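Taken verbatim from TrEMBL:
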type	residues	note
TRANSMEM	B:28-50	transmembrane segment
DOMAIN	B:115-306	domain 'ABC transmembrane type-1'
TRANSMEM	B:121-143	transmembrane segment
TRANSMEM	B:155-177	transmembrane segment
TRANSMEM	B:183-206	transmembrane segment
TRANSMEM	B:231-252	transmembrane segment
TRANSMEM	B:285-306	transmembrane segment
Amino acid sequence: MATIVCEALTKRYGAVTALDALDLTIAHGEFMVLLGPSGCGKTTTLNLIAGLEEASEGRLLFDGRDVTWLPPHRREVAMVFQSYALYPNKTVFENIAFPLRLRRTPRAGIERAVRAAAEQLEIAHLLDRRPHQLSGGQRQRVALGRAIVRNPAAFLMDEPLSNLDAALRLSMRSLIKRLHHQLRATFVYVTHDQAEAMTLADRIAVMRGGLIQQLDTPEGIYERPANLFVAGFLGSPPINLIEGRIEDGAFRRAELRLPAPRAEPGREVVLGLRPEDVEAPAPHLVPLAGRVELVSPLGSDTYAEVSGPAGTSLTLRVPKGWRVREGEGIEVGVDPARLHLFDRATERRIA
Amino acid sequence: MSGAEDRRAPPPGRAAARRPVAPRLGRGLLLAAFSLLFVLYVAGPVAWLVSSSLQTEAQATAVPPNWLPPEPTLANFEAIFRAGERVVTYETRRQGDPATGGFLPTGAQNLLPSLRNSLVVGLWVAALNLLLSLTAAYAIAVIDFRGRRATLYTVLATRVIPDIALVVPLFLVIRALGLINSLAALVVTYLAVTVPFTIFILISYFEGIPRDLYRAARVDGCGHWGALRQVYLPLSLPALVAALTFAFLTSWNEFVFALVLTQNVEAQTLPIVISGFVMDFTTSFSFVNAAGVIAIVPPVLLAVLFQRYIVSGLTAGAVKG
Ligand SMILES: Nc1ncnc2c1ncn2[C@@H]1O[C@H](COP(=O)(O)OP(=O)(O)OP(=O)(O)O)[C@@H](O)[C@H]1O
Ligand SMILES: [Mg+2]
């Protein structure tokens, strides 16, 4: 159990800066998700926390203790990998028991702890098998078992569910969430799946190019994206981005006009509209009209590709109960309070 | 292996049926003939070695040759194991008649001691080689230290130099160390020759072991020794066996260094002593061949014992997956 503090943590591989002066405090018992596209430095961050890579610069503290130069086997963190990383020559039992054996736990204690972990993960009947005799989901449960069987300072998980199929991923996701509630331990979880990040995280650190773009709760990141990158990275289907200018307290692009009272005039901006932020037209809403080009029903929701005003192409969620057909016109209402504005040059959010 | 076969689209049934039988038969026969030829080429000398070792000198040197022993005899082997009991001098060696196989080469009594020397050297080389190359390969393959590329290239570069060029310098070094005519000299020299290659085999094998296993072991609580013992050692058994076999066989067969670095029965190995038999005034072929049979027994045993490992160990580095 630990509070993890990264202070200006930097990792360079030759000319590549994989991690650029990362400052991050992960509270005791917090579920922190590192989210970002491939190559943004998520795994590097985990490796540094685990001690598997040496920091080029900066410090790392566990509960105030400087562990920057502590080798991995002294850090007492547990790690779960996308590739499961089970020892192929050991049985499931021995895989889970391995960390305990290294700590010279008495035999009876090992037996008890392994059984308890296996029951919790519903793999008690697999203890005699070898990893190659298991399915992907079972393997990942064994890997989780190996992590929870001891009492680590933190759990580090590097895309643990990416190799599983969609249904299994959902059930494993709730399993991990349950584990976090039961263990009340610090979790650092890496993923590039935003749904996973949103459902699991207490806080999300969105990363790009070795830098944290935004650190906030899932709601905060979704409702108030700090910049264009974060806005575009979260949300499915992705947010609509429209370039334009601020004139007379409104966002303008040709004939398109949306109220933006707080933005300073003359500024070149990008307007963000999430597909799900449209409703049936109402007096307090700003109308937005266009022609339906493509309809994509997803069962729970239906999305439409709409060619909107000023040559824009928008993806919109069709309000409940509506029937739309390709080639027909559509008019929806937009709540101005739910629009996002970003500076075009700095890409930052305009408050 | 059958990749090319598998990738080829299967011929439609009708076309295959219509294909004339004669060419197919001809191809099969041709293949069989060439295979047989190849086997004869490779195994022929060995077969003759074994066969002639069971014949008297007269039978072994007869024209036309006796491909199979007319009356198999163990006299040659008996002579080898009894050589120590008979002092061979200028006089006594003439007592035996080369034509009957009773002849013993000078130095015949050195054969068994040299067999022991060869075994001792081979086992030490194999054991020390394993220790050295295992740790070196782990360090180079797994630990990211400054100068690791340079280390690897230096190790490999030492093997580009032909052994013969090293003979004189090595002789001088060994002499300066006062190790001439000792088994230690041979062990040290053979380690220098074999370790770079076994390091190379092990590195390519280690690099095929998923890096995440190393990471898992380290966070689970292993230091570098633990990771080596718990992950790399058990998962690279085939490569280890291949490396061990290679080191032992190289040392078992080596001739040039042994010739220069050893001078008498104290330290001479089997190849040196056997080659001495042929340099005698008269050569007893049946006796020399019996000695040859003894010389190939350990390698053959090794190969039979470990054949499964050796093949997979040597190819694993080449085709990762
Ligand atoms: N051993 C290495 N040598 C050189 N560059 C490396 C090394 N490891 C990582 N990098 C580089 O560091 C950057 C960050 O890599 P990292 O593995 O942390 O990305 P990631 O966010 O985990 O990506 P992914 O989602 O694909 O796993 C990448 O640009 C990568 O190319
Ligand atoms: Mg990664």
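Every residue number used here counts from 1 along the chain in the order it is shown.
Quick reminder: no glycine exception, Cβ is built from N, Cα and C everywhere.
TrEMBL: automatically predicted annotations, no manual curation.
Away from its own ends, the transmembrane segment (B:285-306) comes close to residues 46, 48-50, 52-53, 55-57, 59-61, 76-77, 79-80, 101, 103-105, 108, 111, 115, 119, 122, 241-242, 245, 248-249, 252-253, 270-271, 273-274, 277-278 of its chain (Cβ-Cβ under 8 Å, at least six residues beyond either end). A Cβ distance under 8 Å defines the sequence-distant neighbours of the transmembrane segment (B:155-177), meaning residues of its chain 6+ beyond its ends; these are 136, 185, 188-189, 192-193, 195-197, 199-200, 256-257, 260-261. Residues 117, 120-121, 124-125, 128-130, 132-134, 136-138, 140-142, 152, 155-156, 158-159, 163, 170, 174, 177, 232, 236, 238-240, 242-243, 246-247, 250-251, 254, 257-258, 261-262, 267, 269, 313-314, 316-318 of the same chain sit 6 or more residues outside the transmembrane segment (B:183-206) yet have a Cβ under 8 Å from a Cβ within it.
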